[in-house]
Structure formats: C-alpha cells, structure tokens
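Annotated compositional bias 'Basic residues' per Swiss-Prot: 182-193, 228-253, 329-347, 450-462, 616-627, in sequence order. Residues or ranges marked as compositional bias 'Low complexity' in Swiss-Prot: 194-216. Per Swiss-Prot, the feature compositional bias 'Basic and acidic residues' maps to 292-310, 348-368, 379-449, 463-553, 578-599, 628-686, 707-754. Swiss-Prot lists 687-698 with the feature compositional bias 'Polar residues'. Residues or ranges marked as SUMO2 cross-link in Swiss-Prot (evidence: a large-scale study or a structure entry): K392, K693. Feature annotation from Swiss-Prot assigns phosphoserine to S256, S257, S259, S290, S356, S413, S687, S690, S696, S744, S753 (among others). Residues or ranges marked as phosphothreonine in Swiss-Prot (evidence: a large-scale study or a structure entry): T358 (among others). Feature annotation from Swiss-Prot assigns region 'Disordered' to 182-754.
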Amino acid sequence: MGIKVQRPRCFFDIAINNQPAGRVVFELFSDVCPKTCENFRCLCTGEKGTGKSTQKPLHYKSCLFHRVVKDFMVQGGDFSEGNGRGGESIYGGFFEDESFAVKHNKEFLLSMANRGKDTNGSQFFITTKPTPHLDGHHVVFGQVISGQEVVREIENQKTDAASKPFAEVRILSCGELIPKSKVKKEEKKRHKSSSSSSSSSSDSDSSSDSQSSSDSSDSESATEEKSKKRKKKHRKNSRKHKKEKKKRKKSKKSASSESEAENLEAQPQSTVRPEEIPPIPENRFLMRKSPPKADEKERKNRERERERECNPPNSQPASYQRRLLVTRSGRKIKGRGPRRYRTPSRSRSRDRFRRSETPPHWRQEMQRAQRMRVSSGERWIKGDKSELNEIKENQRSPVRVKERKITDHRNVSESPNRKNEKEKKVKDHKSNSKERDIRRNSEKDDKYKNKVKKRAKSKSRSKSKEKSKSKERDSKHNRNEEKRMRSRSKGRDHENVKEKEKQSDSKGKDQERSRSKEKSKQLESKSNEHDHSKSKEKDRRAQSRSRECDITKGKHSYNSRTRERSRSRDRSRRVRSRTHDRDRSRSKEYHRYREQEYRRRGRSRSRERRTPPGRSRSKDRRRRRRDSRSSEREESQSRNKDKYRNQESKSSHRKENSESEKRMYSKSRDHNSSNNSREKKADRDQSPFSKIKQSSQDNELKSSMLKNKEDEKIRSSVEKENQKSKGQENDHVHEKNKKFDHESSPGTDEDKSG
C-alpha cells in the first residue's frame, strides 16, 4: 500500500464582458501524465517567465476563450495571439503526447488541444459532453471540480460563423490552490531550518574558540563538556515544560469537576421516606381461582373496629346525626327527605314583602302552570277563549283549596285577618283575568267583522273586474274572428291565383317536355342519317377508287370527270354540315334564351308575391303571349327543318340515280374502248399531257356551273319556305291576341270592382 499523493489543483476567475462570472477549479491527473500537468500548473502560476519563441509571459492571466461550440467543448489558452494560432509550452514550442489512458467518456474533462500528433502547446479545452471520437488524439490531464455552471454559461454564449463568442470571455486571474496540510508542513520545515541555523551559529562560535585554543587539549574537552551540558539543560527544560503542561491540564480538569459538583449541590434533592413507598403488587393475572374469602372477612372486621373507635357506644350513628337540622327559631327538624315547611319569622310585616307563604316546591309548580297559560293564550288565534279560561280556573281552584287546607293544618298560629286578605287577592285576580278575556274577545270580534267587510269589498271589486275583462275578451274575440275571416278570404284569393299559376306552369312544362322529346328524336334521326351517309360515302369512295384504278390504264379523261364529281359531292356535304351547324347554334341560343326566361319568371314570381293581384294578372297575360309567340316560332322552325330534310333526301335520291346511270354508261364505254385502243395509243404517243389538261379544264367548268345552279335552287326553296312560315306565324299570333283580349275583359272588371 503506497501513500496516496495529493493531486494539484488550479483555478480560473472568469469574466464575461468585464463582469465576473465565477471561479472554475481544476484537478490535475499528475499521477497519469505529470509533464502535461506541470505545464498547465506553471502556466496558471506564471512562474516560468517569458517564452522562447513568442517572447511573451508564459501565463494564462487575461487570456481569452476564443472558441465555443455548444454541446461539444470550450477552448482557450492562446496567450500570445488569442485566436487559436499561437501559444507555447513551458518547455519551448511543442511537446509530445504523454498518455491516452484517460478517455473522453464524461463531461467537464480538461484536455490538451493540438494540431496533430505530438503538437501540445498551451491551448486546452473543457468538454461539455462525452466525446469518445477524440480518444487517442488528445491527452486528458484533468477535470473540473467546481464551477460547472460557469462553464455552462460560457457554452451558452452566442457565437459567429467561426464559433468565436460575441461576448469577451476572459480569464481575470489564475493560479494554484495549495491545501492546508501542505502549508503546515512547509511551516515546520521553516522552523527546523531556523533552529538548525541557530545551532550552526553556536557551532561556529565554538569552532572559533576551538581554533583559538587549538594548541591545548583542555579547551577541546571543555567545549565538549559545554555542549553536553547544553543538551542536558535543553532536555531538562523540555521535561519541565511537559510537566507544566500536564499540571495545567490536571488543574483544568479539577476546576471543571468542582464546578460540576457545585451545580449538583445547588440542585434540590427529593427526600422520600421508605415507609411511604408502596409495596410492589403481585402478578395475580395468572390465578384462575378467585382469592380466598378470609381476607374479605378480615377487612370487614377492621372496618367495624374503626367505626367503633370513632363512635362511642352512647353516641348516635353519624348518618342520623347528619339528618338533624335546626331552624332559625331553634327547633330541631326530624325525619327523612327534603323539608316541606318552615317556621314563620317573628316579624310578619317584614316577611310579607320578602317571602311568600307557599313552600318552594309549590312555588315552582305555580310558576310552571303560569308559563303554560301565557303561551297557550298567545298561540290561540280564532274563536272565543272565555270557555277555555273558565275550565282552566276550575281546574286550578281545587289546588288552591288544598293549599289552604295544608296551610291551615300546618300553620295553626295564623290569624283570620290574613285569610281574608288572601281571599280578596284571589277574587281580584279572577276579576282581572275575566276582564282581560272579555276585552280580547271583543277586539277579536271587531277584527273579524272588519275582515269580513274587506273580503266582501274585495269580492265586489273582483266581480266588476271580471265583468270588464269578459267584455274586453268578447270584443277582442269578435275582432279576431273578423280578422280571421278577412285573412281566410285573402288566402283563398291567393290560393286561386297560385293554382292558376301552377296550371300555367304545368302547361308550359308539358310543352317544354314535348319540345325536348321532339328535339331528342330529331337529333337521333340526324345522327342516324349522318352515320348512314358516312357509310355510303365510304362505299362510294371505295368504288370510286376501284374505278379510277381501272380507268387510269387508258382513260385519263374519265378519271378527271370522276374527280370533279367527287369534289362536287364534298362541296354539297360541306354546305349541309354548315347548315346543320347553324341550326345547332340557333338551338343553343334558343336554350339560353329559355333559361333566361325561367330565371326572369322566378324573380317575377317572388315580386308577384309582394305585388297586388291586379298586377300579377296583367303579368300572367304578358307571359302567356310571350309563351305563345315562342311556341309558334319553334313550330315554324321545326316545320322548316322537316321540309329541308325532305328536300335533302330527294336530292340524295336523284344523285344516286344519276350515279347509277353513269356507272352503266361507264361499263358500255369500257366495251367500246377495247376496239378503239389502237387509236388512243397513237394519240397518247403524239401528245398525252396536252389532251389530259384540256379534258380536266372542261370538266372543271362544267362542274362549277352545275354547283352554282344547285345552290341557287336550294336558296330559293329555303326562302319560299321561310316566307310561308312567317305568314302562318303572323296569322296564328293575330288569332291568339283576339282570344286573349276576349279573356282579359272580365279580369279587368273584377279588378275594378275589387
């Protein structure tokens, strides 16, 4: 077991923006890495002077913390430049990595900063979290013992992009903390050194003497004896000092013991006689049987003996003596129980006012009865009280008679004058009570009469009020009935108007439904026709292609004709598609117009509810006229469309017939062409291109003339049909207007009468 060496400790007094933040104390692991710890300790104390390379004091005082990374570490120790590029060790420049034994496995560890392997200078860092990735790269040589909150405060400072804190975190002062035990040892060493110096001085004196008397041996022996004597004296003095110390200690102990004894004497002592101490009771809780009866008999005998000693044989017992009482007059009262009488005093005149004749128990009963009577009188409200009071007095009178008899028996010495006075008092009391009862009854009768009168008045008033209320109710009821009748008549009129509107709406809806059905049928027929025409066109194109292939062998002229025919057909189809598109656009516009009319009708209906019935009727007439006109227009348009379709179908039949004739003609031409093939070959050899051009030009002129004629015919037929439809519409409108005029005349008369 080796002696545990005390680890060195250093401190930093830190200021943030020149305001003291606190002290941080470090413990250095000098047993693990002594060289690194010595470097840090000397830089804290500043005892090594200036550096060799930096030429600045090797001291951490007024040094900055130049790098702060939250949740990682706090770095400082660059005393030369203050930005992490400077610093120097006490050994000059850098020194090697000493030991990686201690790991970065916890927070608040003190470790050396470096630029790589074996580049330790003066810069250090304090970890704020475990950093195991630094193990094997940085030497851990200490830890923070106190001041962790100061390190946290430095860590929480705001920094720039280079992790430099905006606030100035500076080490105000630093140094080494020396424990007290070391200080005491150093003082002892100093004392020893001083004593050794004194002894050396004495030795020097003796040596000088010996040098002076070196010639004689006697002087040497004398010096030796002197030194021995001094040692003996020193020993004696030390022994005396020890003895004196022991005596002082003993004297102190004796003084303390004496003071304790005085305190004990001053305290009061309790004196108890041994006779007074009761005997310790026996444990009888385990005894199953009851104790013997002999003891009980002995106790009874002892009690009897004590009573005999207290009461001699001639004297009466104590219980009887206690019962004997003496009155004021000196009479002895004998008997048991409480006293029921007493002797009257000699002076009756005084006693009359002081005390009553009745004994105390009778007085208590009387007071109880009086209380009950008073309370019953207060509680009774209705009816007469005279009978009840008389019954109570009759009940109480025998009690009073008994009282008199008892007093007559017991007080024989009472005089007749006193009896007369008592009778007078009783009579006066009875008369007074009767008078009170009579007064109370009379007052109650008066009150009852007044109440009856008030009730009668209130009843008469209530009857008059009820009559007036009933009249008001009747009048209100009549008014309400009149209002109801009016409202019912108005409601009926309104319902009639609504029914008419509903009928008109239903008619309009039916017409619209029929129109929509017709339109859907027309669209279906159109789509079918379109599909049929497409299929026909495809067949025709296929036939025309096959014909063209046959004709191209020797008939360029016939090919040009077929092309012109196909072009004319395409143009006619385009014209049809245009007309179809126009019809569709017109139908869309018509649908929009119908939707707008529906919206206007909805608004007009909401207005009609507010407006009077006369205006609503006039609006209904206008709407009917508009609906009739629109329906006539639709019918005329539908007729025109049907006619146009019939014409188109006829024209298509004609074209098909003409095409069939042309096919027959082309077949006959094919037979003739075989005979004249030699002549045509010769013509082709002469000028084939010129002949083809001439034939194509002629065909184009003919086809254009035919198309123009067909277009003029179609236009003229459409115009005639439009004129006819317009004339029919005008006739129909005139007829409807006449009908509406006939129908509207009674409605206007009704409005005038209303």
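Including glycine, each Cβ sits where the backbone N, Cα and C put it.
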### Message
Summarise the compositional bias 'Basic and acidic residues' (578-599) as counts of helix, strand and coil residues per DSSP.
### Response
22 helix, 0 strand, 0 coil
### Task
Over the span of the compositional bias 'Basic residues' (228-253), count residues by DSSP class, listing helix, strand and coil in order.
26 helix, 0 strand, 0 coil
### Message
Return the count of C-beta atoms lying within 10 angstroms of the C-beta of T358 (phosphothreonine), excluding that atom itself.
### Response
14
### Task
Kindly assign T358 (phosphothreonine) to one of the three DSSP-derived states: helix, strand or coil.
coil
